[in-house]
Amino acid sequence: MYEPIAPISWRDGQVEMIDQTLLPGELVIIRPRTVEEMWDAIKKLKVRGAPAIGIAAALGLYLAVKDSGARDKAGFEAELQKAAAYLASSRPTAVNLFWALKRVQQAVAAAATDDVAALKELVLKEALAIRDEDEAMCRAIGEHGASLLADAEAVLTHCNAGTLATARYGTALAPIYTLAARGKVLKVFADETRPLLQGARLTTWELHQAGIPVTLITDNMAATVMARGWVQAVIVGADRITANGDVANKIGTYGVAILAREHGIPFYVAAPASTFDLSLSGGEQIPIEERDPAEVSHFGLRPTAPEGIGIFNPAFDVTPYRYVTAIITEKGVIRPPYKQNIAKVLAGESR
């Protein structure tokens, strides 16, 4: 398998991350040293993608407590809880963020020690375990998804659910990397993904680095590409999946799903188990982040719309489960009926 660069890592006692806001123009490594700097990196999309956000948040907890002066476990847990609440306020939609924070807190709560130094090491150990497990999950998603795309010549993807959004390999792009390693190279059409252009800036960059042929299109060209028969599948990632199979992903995903249905093209969602939120019965319960209006009204620093108009800028939309052909996870491929099969597969039962 192609070995893509890791977007977030722990090296020589510090966090290293690619500043994704600067791609593709510059490849810049940043090193957040405080929880505030990590919060800023998450909020400003220097690190993005649900799995990568979870990893960053877990490492952010370590940055928050590594110099803790707590005298006992109770004091340490209080500091950890405060840091977790702070990091949770950075972005509200990606469930992996909250999952990772909760996992680290639970590991500390279960620790049979009152030694603060040992608890600090436990926080770091758990954060790095989340990172390593995510990479393994992405590999597994690649294996499961490859069988679904084996007969395709080209696929369309939206936003970036590749190596830059995870520990490595990605979710939606993992099957593409897996097939390439086997000698089958798919062509990829990448939506530019307005307003922040993650498809143009990130997906095309990493696929081009991998030697995989990629064609950039504007978001409003997807229907034409499908109508001409140029793609045989659509594959996207997810930021949150509810118990019934509704999928929150980057704004514009819902429209792509509708187009795929109209053109008889399978619409696949690739995501790890940590992206599922079984506490929510449907997509209408997912909080949707709304971002700075300037992201829509400006192109960089240049205004592209008149001042004083209304601007709507949700970061995500929700694709109803009925448009989803299958959900690819590290545990296997989930097909309808989703409410029943999601519960079974996540519990480790056969489909």
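Here the Cβ of each residue, glycine as well, is placed from N, Cα and C on the backbone.
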>> According to Swiss-Prot, Arg48, Gly49, Ala50, Arg91, Asn249, Lys250 bind substrate; which one of Gln198, Gln340 is annotated to that same site?
In response: Gln198
> So, in DSSP terms, is Arg48 (substrate binding site) helix, strand, or coil?
Replying inline: coil
>> Suppose we draw a 10 Å sphere around the Cβ of Gly49 (substrate binding site). How many other Cβ atoms does it contain, all chains included?
In response: 31
> In terms of DSSP three-state secondary structure, what is the assignment for Gln198 (substrate binding site)?
Replying inline: helix
> In sequence order, what residues of the same chain, 6+ apart, have a Cβ less than 8 Å from the Cβ of Gln198 (substrate binding site)?
Replying inline: Arg48, Cys159, Asn160, Lys250
> Which has the fewest other Cβ atoms within 10 Å: Arg48, Arg91, Lys250, the binding-site residues listed?
Replying inline: Arg91
